[in-house]
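These features come from Swiss-Prot:
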BINDING   113, 117, 123  Zn(2+) binding site
(Lines of atoms letter the chains of each structure in order from A and count residues from 1; the text may use other names and numbers.)
(Lines give C-alpha, C1' and ligand atoms only; values in the text may rest on other atoms or scores of the structure.)
Protein backbone atom coordinates (compact mmCIF):
# COMPACT_ATOMS: atom_id res chain seq x y z
CA UNK A 1 0.00 0.00 0.00
CA UNK A 2 1.19 3.49 -0.84
CA UNK A 3 0.53 6.48 1.39
CA UNK A 4 1.53 9.94 0.20
CA UNK A 5 1.16 13.11 2.23
CA UNK A 6 1.11 15.99 -0.25
CA UNK A 7 1.80 19.42 1.19
CA UNK A 8 1.07 22.42 -1.01
CA UNK A 9 3.27 25.25 0.27
CA UNK A 10 3.75 27.03 -3.05
CA UNK A 11 2.14 30.15 -4.44
CA UNK A 12 2.19 28.57 -7.91
CA UNK A 13 -1.09 28.45 -9.81
CA UNK A 14 -2.78 25.23 -8.68
CA UNK A 15 -3.93 24.57 -12.26
CA UNK A 16 -0.25 24.24 -13.22
CA UNK A 17 0.42 21.57 -10.58
CA UNK A 18 -0.18 17.83 -10.82
CA UNK A 19 -3.15 16.31 -9.03
CA UNK A 20 -2.71 14.14 -5.96
CA UNK A 21 -3.70 11.14 -8.09
CA UNK A 22 -1.00 11.95 -10.63
CA UNK A 23 1.65 12.11 -7.91
CA UNK A 24 0.46 8.70 -6.72
CA UNK A 25 0.69 7.19 -10.22
CA UNK A 26 4.25 8.49 -10.70
CA UNK A 27 5.48 7.30 -7.29
CA UNK A 28 3.87 3.87 -7.76
CA UNK A 29 5.58 3.54 -11.15
CA UNK A 30 8.98 4.36 -9.62
CA UNK A 31 8.41 1.90 -6.77
CA UNK A 32 7.18 -0.90 -9.04
CA UNK A 33 9.05 -4.14 -8.34
CA UNK A 34 11.27 -2.26 -5.87
CA UNK A 35 9.03 -1.74 -2.85
CA UNK A 36 5.51 -2.99 -2.13
CA UNK A 37 4.59 -0.73 0.76
CA UNK A 38 5.70 2.85 1.28
CA UNK A 39 4.87 6.08 3.03
CA UNK A 40 6.32 9.37 1.87
CA UNK A 41 5.67 13.09 1.84
CA UNK A 42 5.81 15.37 -1.16
CA UNK A 43 6.05 19.07 -0.35
CA UNK A 44 5.55 21.57 -3.17
CA UNK A 45 7.45 24.77 -2.37
CA UNK A 46 8.51 28.13 -3.77
CA UNK A 47 12.08 29.07 -4.65
CA UNK A 48 12.90 30.67 -1.30
CA UNK A 49 12.16 27.49 0.67
CA UNK A 50 13.94 25.33 -1.91
CA UNK A 51 16.99 27.58 -1.77
CA UNK A 52 17.08 27.56 2.05
CA UNK A 53 16.85 23.77 2.21
CA UNK A 54 19.40 23.31 -0.57
CA UNK A 55 21.82 25.58 1.30
CA UNK A 56 21.22 23.90 4.65
CA UNK A 57 21.49 20.30 3.46
CA UNK A 58 23.67 20.46 0.35
CA UNK A 59 25.66 23.66 0.80
CA UNK A 60 24.31 25.09 -2.47
CA UNK A 61 22.85 28.60 -2.24
CA UNK A 62 20.27 28.32 -5.01
CA UNK A 63 16.85 26.82 -5.52
CA UNK A 64 16.68 23.39 -7.15
CA UNK A 65 14.06 21.20 -8.79
CA UNK A 66 13.80 18.35 -6.27
CA UNK A 67 15.39 17.50 -2.94
CA UNK A 68 15.14 14.00 -1.50
CA UNK A 69 15.35 13.24 2.19
CA UNK A 70 15.41 9.46 2.76
CA UNK A 71 14.01 8.26 6.06
CA UNK A 72 16.70 6.90 8.36
CA UNK A 73 15.10 4.60 10.91
CA UNK A 74 16.97 3.21 13.90
CA UNK A 75 18.09 -0.42 13.76
CA UNK A 76 15.28 -2.81 14.58
CA UNK A 77 12.51 -0.44 13.53
CA UNK A 78 10.76 -1.76 10.47
CA UNK A 79 8.30 0.72 9.02
CA UNK A 80 7.64 1.46 5.35
CA UNK A 81 8.71 5.09 5.74
CA UNK A 82 10.49 6.07 2.54
CA UNK A 83 11.18 9.75 3.20
CA UNK A 84 10.32 13.19 1.89
CA UNK A 85 10.51 14.93 -1.47
CA UNK A 86 10.61 18.71 -1.69
CA UNK A 87 9.83 19.94 -5.19
CA UNK A 88 10.08 23.57 -6.28
CA UNK A 89 7.18 24.38 -8.59
CA UNK A 90 8.85 27.43 -10.15
CA UNK A 91 12.11 25.62 -10.91
CA UNK A 92 10.25 22.69 -12.49
CA UNK A 93 8.23 25.09 -14.66
CA UNK A 94 11.31 27.11 -15.64
CA UNK A 95 13.30 23.97 -16.55
CA UNK A 96 10.44 22.54 -18.61
CA UNK A 97 10.27 25.77 -20.60
CA UNK A 98 14.05 26.05 -21.05
CA UNK A 99 14.37 22.39 -22.07
CA UNK A 100 11.34 22.40 -24.39
CA UNK A 101 9.52 19.77 -22.34
CA UNK A 102 5.85 19.46 -21.54
CA UNK A 103 5.34 20.66 -17.96
CA UNK A 104 3.45 17.49 -17.04
CA UNK A 105 6.27 15.30 -18.36
CA UNK A 106 8.91 17.22 -16.41
CA UNK A 107 6.88 16.93 -13.20
CA UNK A 108 6.67 13.17 -13.80
CA UNK A 109 10.43 13.02 -14.28
CA UNK A 110 11.16 14.98 -11.10
CA UNK A 111 8.85 12.76 -9.01
CA UNK A 112 10.33 9.55 -10.43
CA UNK A 113 13.87 10.92 -10.03
CA UNK A 114 13.27 11.97 -6.43
CA UNK A 115 11.58 8.68 -5.54
CA UNK A 116 14.55 6.74 -6.89
CA UNK A 117 16.81 8.83 -4.65
CA UNK A 118 14.63 7.83 -1.69
CA UNK A 119 15.20 4.20 -2.70
CA UNK A 120 18.96 4.73 -2.55
CA UNK A 121 19.80 5.39 -6.20
CA UNK A 122 22.26 8.17 -6.94
CA UNK A 123 24.05 9.81 -9.85
CA UNK A 124 27.35 10.96 -8.38
CA UNK A 125 29.45 8.25 -10.05
CA UNK A 126 29.10 7.66 -13.81
CA UNK A 127 28.02 4.03 -13.40
CA UNK A 128 25.39 4.95 -10.83
CA UNK A 129 24.15 7.79 -13.03
CA UNK A 130 23.77 5.46 -16.02
CA UNK A 131 21.81 2.94 -13.94
CA UNK A 132 19.55 5.59 -12.44
CA UNK A 133 18.91 7.31 -15.76
CA UNK A 134 18.10 3.98 -17.43
CA UNK A 135 15.50 3.26 -14.75
CA UNK A 136 14.03 6.76 -15.08
CA UNK A 137 13.79 6.43 -18.86
CA UNK A 138 12.10 3.02 -18.60
CA UNK A 139 9.60 4.15 -15.94
CA UNK A 140 8.73 7.30 -17.87
CA UNK A 141 8.35 5.40 -21.15
CA UNK A 142 5.99 2.96 -19.41
CA UNK A 143 3.97 5.98 -18.26
CA UNK A 144 3.83 7.31 -21.83
CA UNK A 145 6.40 10.09 -21.45
CA UNK A 146 9.43 10.64 -23.70
CA UNK A 147 13.03 10.07 -22.69
CA UNK A 148 13.83 13.08 -20.48
CA UNK A 149 17.50 13.03 -21.45
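The backbone N, Cα and C atoms fix where each Cβ goes, and this holds for glycine too.
Structure coloured by features recorded in Swiss-Prot.
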residue : record              : contacts (Cβ under 8 Å, 6+ apart)
113     : Zn(2+) binding site : 66, 132, 136
117     : Zn(2+) binding site : 66, 68, 70
123     : Zn(2+) binding site : 129, 132, 133
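Within 8 Å of the centroid defined by the CB atoms of 113, 117, 123, the record's Zn(2+) site, lie the Cβ atoms of 66, 68, 114, 116, 121, 122, 132, 136, excluding the listed residues themselves.
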